[in-house]
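J.: Straight out of TrEMBL:
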| type | residues | note |
| --- | --- | --- |
| DOMAIN | 4-229 | domain 'Orotidine 5'-phosphate decarboxylase' |
| BINDING | Asp10, Lys32, 59-68, Thr122, Arg184, Gln193, 213-214 | substrate binding site |
| ACT_SITE | Asp59 | active site, for OMPdecase activity |
| ACT_SITE | Lys61 | active site, for OMPdecase activity |
| ACT_SITE | Lys61 | active site, proton donor |
| ACT_SITE | Asp64 | active site, for OMPdecase activity |
Amino acid sequence: MKQPIIIALDFDSITDTKKFLAGMGGQKLYVKVGMELFYKEGPGIADMLKSEGHHLFLDLKLHDIPNTVKKAMKVLASLNPDLLNVHAAGGRAMMEAALEGLEAGTPAGCSRPKLIGVTQLTSTPPDMLRRELLIEKSMEETVISYAKLVRDAGLDGVVCSVQESRTVKAACGPSFLTVTPGIRLPGDPAGDQARTATPELARRELADHVVSGRSITGKEDSLKAYTEMLKEWESVRI
Ligand SMILES: O=c1ccn([C@@H]2O[C@H](COP(=O)(O)O)[C@@H](O)[C@H]2O)c(=O)[nH]1
């Protein structure tokens, strides 16, 4: 069964990660390893999670010259993740190179991991585009423009906020993935996120996956928070 909720394992050690997983009732989860945990623990963390049967999103957001990204992707592919990403701002040549590296590094007999492009971080408020990044277009236009570039480079989808998910689907097609971070249960603090949404809204806006960290991992009872998120998601029929 498709697992819609990706849990961000933003811990700084394998010990804390194991403690968290032990409290999740032995379920096979869809988890995300980002820079904090990967830089601390290295590739071994991927091996551990995959060997325990979890789905793995390696959220390392590569952004460099095409040759470097291609070679890095080839290495990451050998870790057998299910999903990886790059920054779409790296451009089409970089994204095509990433895909080539991923294809070259995928072990024989395994299917290529999905590759998605980050459009605009969910921590970016709309007014920051013009104020800091000198982008004159609206957030929606900017995200759609990046999404089309990602699609044209041959990638499988994007990271965007729930607010842009439906428009991305309309522009790039229903099978083009939208993976949406910034997910909060009602009443939870946004923290540094600017474009947030509940799992229910994400489902209504046609997101394929939601990514949530603190709204689950920051709770006393993480299993309860995760179950609430799933319930919210499943309450929407589309
Ligand atoms: O645009 C993006 C891309 C990635 N993220 C990552 O998702 C989680 C969100 O954590 P929360 O605790 O739920 O805010 C985190 O690992 C980010 O690196 C994102 O938030 N926005």
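Each residue, glycine too, has its Cβ placed from N, Cα and C.
Unlike curated entries, TrEMBL annotations are predicted automatically.
Are these features on the surface or tucked inside, and what touches them?
T.: Note: Asp64 (active site, for OMPdecase activity) has non-local neighbours Ala72, Gly90, Met94, i.e. same-chain residues 6+ apart with C-beta under 8 A of its own C-beta.
Secondary structure from DSSP puts Asp59 (active site, for OMPdecase activity) in a beta strand. A sphere of 10 angstroms centred on the C-beta of Asp59 (active site, for OMPdecase activity) encloses 25 other C-beta atoms.
In this view, Lys61 (active site, for OMPdecase activity) is surrounded by 16 other Cβ atoms within 10 Å of its Cβ, with every protein chain counted.
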J.: Mind running the recorded positions Asp10, Lys61, Gly213 against ligand 1 and keeping the ones whose CB falls under 6 Å of it?
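T.: So the answer is Asp10, Gly213.
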J.: Round to a whole number and give the Cα-to-Cα distance in Å for the pair Asp10 (substrate binding site) and Asp59 (active site, for OMPdecase activity).
T.: 11
